[in-house]
Amino acid sequence: MDYSDDDMIDNESGEENNSDGGGNESYNYNAAVDTIILSEKSYVIIKEEEILKLQRDDIERVSTILFLSQVEAIVLLLHYHWCVSKLEDEWFTDEERIRKTVGILKEPVVDVNGTEVDIQCGICFESYTRKEIASVSCGHPYCKTCWTGYITTKIEDGPGCLRVKCPEPSCYAVVGQDMIDEVTEKKDKDKYYRYFLRSYVEDGKKMKWCPSPGCECAVEFGESSGYDVACLCSYRFCWNCSEDAHSPVDCETVSKWIFKNQDESENKNWILANSKPCPKCKRPIEKSHGCNHMTCSASCGHRFCWICGKSYSDHYACNNYVEDADHDKRTLLQSEIKRYTHYYVRWVENQSSRLKAMSDLEKFQSVQLKQLSDNQCKPKIDLQFIVDAWLQIIECRRVLKWTYAYGYYLDNLAKRPLFEYLQGEAETGLERLHHCAENELKQFFIKSEDPSDTFNAFRMKLTGLTKVTKTYFDNLVKALENGLADVTKSSEESADFLETQKLYDAYISEGCFF
């Protein structure tokens with residue numbers, strides 16, 4: 001492939017672009033998610049071809065305004081991390097300083113005589129003709145073979161190849177894309193331009209790539225109080241920390257929770273809480289039977305009492321009380337591990353339920369939707385309420401999952417009753433909705449002669465449950481985002497709030513078609 005100054009950044013545009021990041025089109029539930037969850041987007045999803053255009057526009061602008069070649073404009077933009085305004089301000093303030101800093105020389109420091117027949121390469125020290133020699137703005141001569149080896153090595157080393165300098169150790173002249181195009185092979189050239197494209201997103205502060213494997217979209221983020229974004233590939237993530245979307249829990253809590261789940265010290269705590277060291281060899285021993293007469297395994301073989309730790313050779317009784325700091329420590333650890341397990345198991349289970357719901361939605365859209373449409377003699381658009389229900393389930397499972405991480409780190413005991421009440425009501429509502437969508441829908445996949453009345457009742461029930469569940473979770477999310485502020489009210493106001501909420505819940509339950 002030939003590369004010119006005009007199409008210098010077009011190398012990726014000819015590649016096949018999977019705009020949905022490898023996702024299944026029938027499983028792209030993002031548009032509906034936006035309707036249900038996001039009242040107003042504060043971000044823009046940008047496809048790869050759009051990034052190329054933005055990149056090209058910036059290069060054209062800098063080249064035109066500063067009266068530079070595109071090669072030089074690219075060097076400057078890379079140095080300034082694609083911040084055009086900062087580049088222009090500093091260039092017009094002190095052009096000479098900027099040229100020296102980035103390595104764009106006006107005049108060569110080495111003047112190779114154009115009439116000279118034999119020119120010595122500065123790397124291999126062999127003599128070459130003028131056509132076999134190449135140099136950048138500094139003029140240091142190197143044969144094209146050495147240039148190829150030098151630049152290829154830089155490309156193999158990673159994105160640093162975008163800022164390669166002249167091979168001469170004391171020279172600061174930059175190697176432009178014209179040299180890359182001239183001396184590298186196609187596979188290395190393609191790798192270089194891949195780094196070049198990604199630099200437009202990764203070097204800036206307002207864009208990030210979607211972290212979903214295989215997705216080639218980026219997200220440009222605006223001003224917002226929340227960081228959750230939904231990519232075109234259906235993946236939802238936090239723009240701030242790049243983890244899975246975790247509102248209403250903040251990034252710091254998520255980071256601590258994930259680290260705790262991966263921390264090997266939790267295994268050590270389990271050992272401390274559920275075992276005792278052999279009094280002789282100090283190896284931890286777990287008691288698996290009722291008898292307190294313990295025998296250490298392996299080469300030790302020491303026999304001792306599990307209760308008091310004394311050797312059985314001189315053991316008579318251990319009913320006398322002796323202060324045992326280790327026992328107190330084990331009790332505390334057992335309590336903490338039990339507490340952690342409570343929250344962790346529910347965090348995992350809700351994630352598992354969410355993934356199952358996503359799979360069920362995919363199956364419904366790809367297989368069951370047409371079948372249900374035929375059986376009930378209804379157009380697919382009239383069955384959108386089922387898709388909406390599954391989307392609500394998926395989102396609610398995500399929120400509920402992270403509320404368990406929130407609950408684990410909730411140290412304010414005064415706030416815990418309100419938190420657990422709101423969480424419990426939301427979870428109960430979600431279970432009703434999930435059960436209805438997962439189990440009660442099955443009967444309608446069997447064709448019946450007069451399906452209308454029964455199916456219409458199901459539609460009303462599922463639609464009602466979807467709305468009610470959304471209300472529960474909206475209340476839960478709002479409360480957590482506000483730091484459970486209702487607890488700061490007087491006890492009388494808090495009691496009134498809970499009583500009002502319970503009356504509302506009772507009213508809703510009566511209307512839930514149960």
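Each Cβ is built from the backbone N, Cα and C atoms, and glycine gets one as well.
Going by Swiss-Prot, these are the annotated features:
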REGION    1-26  region 'Disordered'
COMPBIAS  1-18  compositional bias 'Acidic residues'
ZN_FING   121-171  zinc finger
ZN_FING   190-251  zinc finger
BINDING   Cys210, Cys215, Cys231, Cys233  Zn(2+) 3 binding site
BINDING   Cys238, Cys241, His246, Cys251  Zn(2+) 4 binding site
ZN_FING   278-308  zinc finger
ACT_SITE  Cys291  active site
BINDING   Cys305, Cys308, His315, Cys318  Zn(2+) 6 binding site
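Within 8 Å of the centroid defined by the CB atoms of Cys238, Cys241, His246, Cys251, the record's Zn(2+) 4 site, lie the Cβ atoms of Tyr227, Phe237, Asn240, Ser242, Glu243, Asp244, Ala245, Val249, Asp250, Val254, Ser255, excluding the listed residues themselves.
Per-residue pLDDT, averaged over the zinc finger (278-308), rounds to 74. Of the listed binding-site residues, namely Cys215, Cys238, Cys241, the sparsest CB environment within 10 A is found at Cys241. Rounded to a whole number, the distance between the Cα atoms of Cys238 (Zn(2+) 4 binding site) and Cys231 (Zn(2+) 3 binding site) is 11 Å. Across the structure, His246 (Zn(2+) 4 binding site) and Cys308 (Zn(2+) 6 binding site) place their CA atoms 48 angstrom apart.
When Cβ neighbours within 10 Å are tallied across all protein chains shown, the highest count among the binding-site residues Cys233, Cys305, Cys308 belongs to Cys233.
Across the fold, the C-alpha of Cys305 (Zn(2+) 6 binding site) and the C-alpha of Cys238 (Zn(2+) 4 binding site) stand 54 Å from each other.
The most densely surrounded of the binding-site residues Cys210, Cys251 is Cys210 (count of other Cβ atoms within 10 A of its Cβ). If you compare Cα positions, Cys241 (Zn(2+) 4 binding site) sits closest to Cys210 out of the binding-site residues Cys210, Cys215, Cys308. According to DSSP, the secondary structure content of the zinc finger (190-251) in residues is 14 helix, 14 strand, 34 coil. Of the recorded residues, Cys233 (Zn(2+) 3 binding site) and Cys251 (Zn(2+) 4 binding site) place their C-alpha atoms 23 Å from one another.
Taking the C-alpha atom of Cys215 (Zn(2+) 3 binding site) as reference, the shortest distance to any of the binding-site residues Cys238, Cys251, Cys308 belongs to Cys238.
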